[in-house]
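Everything on this sheet refers to the single structure shown next.
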Amino acid sequence: MQMKATILIVLVALFMIQQSEAGWLRKAAKSVGKFYYKHKYYIKAAWKIGRHALGDMTDEEFQDFMKEVEQAREEELQSRQ
C-alpha cells in the first residue's frame, strides 16, 4: 500500500513538473539529477558509511553525536562572524 502511494506521489509530481509553465522546477530537478549522476559513487559511499556508523549507535551515543554536530556548526558560524 505504501509503495502504491509513493508511486502515485511521484507520478503527480512528474505531471506537475511537466505542466509547470516557468519550467524552474524541471530545471532544478535536472540540475539535481546531473549532480547526482556526476557524483553518484561518492554519494552512495557516503550514504553507506553514514548508515553503518549511525546504525550501530545506541540512543545515548546518537544524542552525543548530534550534540557534537551542533557544537561544530555553532563554532563554524562563530568563526565566520
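Glycine residues also receive a Cβ, built from the backbone N, Cα and C atoms like all the rest.
Annotation source Swiss-Prot lists signal peptide at 1-22, citing sequence analysis.
Here Swiss-Prot flags Trp24 as 6'-bromotryptophan, drawing on similarity to another entry. Take the CB of Trp24 (6'-bromotryptophan) and look out to 10 A: across all protein chains shown you find 10 other CB atoms.
Annotation note: Arg26 (3,4-dihydroxyarginine) sits in a helical segment as assigned by DSSP. Of all Cβ atoms in the protein chains displayed, 14 besides its own lie within 10 Å of the Cβ of Arg26 (3,4-dihydroxyarginine). According to Swiss-Prot, the 3,4-dihydroxyarginine annotation covers Arg26, on the basis of similarity to another entry.
Counting only same-chain residues at least 6 apart in sequence, none has a Cβ under 8 Å from the Cβ of Lys27 (4,5-dihydroxylysine). Residues or ranges marked as 4,5-dihydroxylysine in Swiss-Prot (evidence: similarity to another entry): Lys27 (among others).
The Cβ of Lys30 (4,5-dihydroxylysine) has no same-chain neighbour under 8 Å that is 6 or more residues away in sequence. Per Swiss-Prot, the feature 4,5-dihydroxylysine maps to Lys30 (among others); the stated evidence is similarity to another entry.
The secondary structure of Lys34 (4,5-dihydroxylysine), as reduced to three states from DSSP, is helical. If you draw a 10 Å sphere around the CB of Lys34 (4,5-dihydroxylysine), it holds 10 other CB atoms from the protein chains shown. The feature 4,5-dihydroxylysine is assigned by Swiss-Prot to Lys34 (among others).
Neighbour list (Tyr36 (3',4'-dihydroxyphenylalanine), Cβ cut-off 8 Å, at least 6 residues apart, same chain): Ile43. Residues annotated as 3',4'-dihydroxyphenylalanine in Swiss-Prot, with similarity to another entry given as evidence: Tyr36 (among others).
Residues annotated as 3',4'-dihydroxyphenylalanine in Swiss-Prot: Tyr37 (among others).
The 4,5-dihydroxylysine feature in Swiss-Prot is assigned to Lys38 (among others); the stated evidence is similarity to another entry.
What Swiss-Prot lists as 3',4'-dihydroxyphenylalanine is Tyr41 (among others). Packing around Tyr41 (3',4'-dihydroxyphenylalanine) is summarised by its Cβ count: 8 other Cβ atoms lie within 10 angstroms of its Cβ, all protein chains included.
Mapped onto three states, the DSSP output places Tyr42 (3',4'-dihydroxyphenylalanine) in helix. What Swiss-Prot lists as 3',4'-dihydroxyphenylalanine is Tyr42 (among others), and the listing cites similarity to another entry.
As annotated by Swiss-Prot, 5-hydroxylysine applies to Lys44 (among others).
According to Swiss-Prot, the feature leucine amide maps to Leu54, an assignment based on similarity to another entry.
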- Item | Rounded inter-Cα distance in Å - Lys34 (4,5-dihydroxylysine), Trp24 (6'-bromotryptophan) | 15
